[in-house]
Amino acid sequence: MSSHDSSAVRRTGGRTAGGNQRPSENGSIRQHDNHTNMREEDMQRMKAAVIRHVQTHLNEALERALTDSMQSLSTNTHTHTDETGTDNRHKLEQGKVFIARCSLLELVLDFDLFYYAFGQLNTVIWAWTLMFGYTLLGPYHVLRVWGGLYHSSRWRTCVSAGSALLLCTAQMSMLGIFPVYVVLHYQLPPASRFIIILEQIRFLMKSYSFIRETTPAVLRHTPQKDESLRYPSLSSYLYFLFCPTLIYREVYPRNPYIRWNYVGMNFLKILASLFYLYFILVRLCIPVFRNKSNQPFSTRTLILALFHAAFPGMLILMLGFYAFLHCWLNAFAEMLRFADRMFYKDWWNSTSFANYYRTWNIVVHDWLYYYGYRDFLWLSGSKLRSVATLSVFAVSALVHEYAFTMGFGFFYPVMFCTFAGIGVVFNFAMNDKRKSPVWNIIMWTCLFIGQGIHVCLYCLEWYAQIHCPRTGVRTEQYGNYSTESLHLAVQTFF
């Protein structure tokens with residue numbers, strides 16, 4: 001055998017031997033592939049299980065987030081308590097929650113509070129017409145009848161006493177009982193109540209000034225034979241009823257013409273002030289105090305509510321001053337060509353409460369000074385000046401409390417206590433000797449705190465009346481809450 005053949009045989013034998021080993025190798029490869037496939041299937045199953053598990057947890061978390069956000073929205077809309085407010089803050093920290101809020105368009109177009117507050121205007125109009133008609137004709141004709149009988153009768157004392165009794169009876173009926181009856185019988189809303197009550201007070205003050213100023217003139221003037229007694233004209237009295245003053249004079253300084261653009265601008269400013277007042281009540285007062293009466297009352301809650309109400313209370317005070325004492329009185333003064341426009345002075349620069357009370361409202365201050373303070377000194381022989389001051393404060397506090405009681409529909413003597421109590425103390429403590437600018441800062445601080453007390457306590461009482469009506473078993477609960485809030489306020493600041 002040649003070498004070539006032997007090598008061929010060896011190559012063939014080698015291939016034969018190698019071919020005998022191939023089946024075992026292929027089997028091991030197939031087993032490895034099977035194990036790999038099984039591991040991949042296990043991984044796919046584990047992946048699917050993990051995805052389902054994560055999906056379940058995500059769904060639960062999403063449901064909890066949606067539930068929490070809806071609860072947060074509900075509590076924010078209806079003024080939540082302090083405890084729920086803390087829980088909601090923790091929930092907000094866990095994730096993003098979108099809360100729906102009123103847009104500016106909704107705020108502008110939603111005037112439900114105005115519609116409620118100024119409801120039953122037809123009742124207000126006819127009641128005001130009756131009060132105005134009596135104020136115009138009643139005291140004027142009683143004065144004329146009394147003046148004619150006084151100088152022609154021998155029984156002057158009896159005539160004067162009878163005329164005074166008749167006038168007092170008429171005043172009590174038409175300007176005392178009648179407005180109260182209208183307010184209570186027709187259950188007028190707050191703004192309509194205040195219109196009736198404030199007009200009642202204005203008509204009483206104007207008619208008193210008319211009688212007080214004309215009676216001495218009738219007594220001094222004794223007509224001669226064939227001479228008629230001189231009375232003030234009805235037109236001058238009618239003008240006095242509308243002009244922005246409470247002191248009657250037959251003649252007032254007059255401007256030569258009327259600036260109607262100035263009148264219109266003042267009325268527009270009044271409307272803007274009313275809208276701003278509405279915004280303050282809806283955004284800063286009502287959401288805070290709506291559910292306060294349902295919470296356990298404490299000194300901490302009261303102090304927080306007082307400081308929260310200080311800023312809106314001061315805004316309400318400034319709006320009332322600007323809308324009424326500036327815009328309203330200037331508008332009527334311009335329409336009537338009334339030249340005396342000193343309705344207030346620079347009270348904001350006052351360094352004493354004594355000066356503040358004199359300059360805040362010149363119209364009312366003049367009436368109280370002439371017919372309260374000076375008449376008291378005249379009756380007492382120019383003595384007891386401090387008593388005269390205290391009597392003026394007492395009358396003013398009673399009238400303010402009467403207006404608030406009838407306007408809000410409940411008796412809660414916060415105004416009387418602050419006016420006749422704190423006001424009197426500050427009037428004598430912070431007198432005109434205080435000239436430093438520091439006292440002006442103190443005065444403004446006291447005004448902020450005082451307005452916070454008024455807004456806070458009257459809002460709390462308003463909602464206490466709603467949540468705890470004075471009927472049945474809940475009368476005791478209402479009385480306890482009202483008394484407790486006022487008692488805590490007194491304890492806190494005194």
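Counting begins at 1 with the first residue displayed.
Cβ atoms here come from the backbone N, Cα and C positions, even for glycine.
Predicted, not measured: the structure shown is a model, and the values here were computed from it.
What TrEMBL records for this protein:
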- 1-35: region 'Disordered' (REGION)
- 98-118: transmembrane segment (TRANSMEM)
- 124-143: transmembrane segment (TRANSMEM)
- 164-184: transmembrane segment (TRANSMEM)
- 260-281: transmembrane segment (TRANSMEM)
- 301-325: transmembrane segment (TRANSMEM)
- 384-404: transmembrane segment (TRANSMEM)
- H400: active site (ACT_SITE)
- 410-429: transmembrane segment (TRANSMEM)
- 441-464: transmembrane segment (TRANSMEM)
Range from 124-143, 164-184, 301-325, 410-429 with most C-beta pairs under 8 A to the transmembrane segment (441-464): 301-325
Residues of the parent chain within Cβ reach of the transmembrane segment (301-325), under 8 Å, 6 or more residues beyond its termini: 82, 269-270, 273-274, 276-277, 280-281, 284-285, 288-289, 292, 295, 343-344, 360-361, 363, 447-449, 451-456, 459-460, 485, 488-489, 492
Sequence-distant neighbours of the residue listed as 'active site' in its chain (C-beta under 8 A, six or more apart): M415, F416, F419
Chain residues outside the transmembrane segment (410-429) and at least six past its termini with a C-beta under 8 angstroms from it: 353-354, 357, 389-390, 393-394, 396-398, 400-401, 404, 446, 450, 453-454, 457-458, 461-462, 465, 482, 486, 489-490
Secondary-structure category, per DSSP, in which the residue listed as 'active site' falls: helix
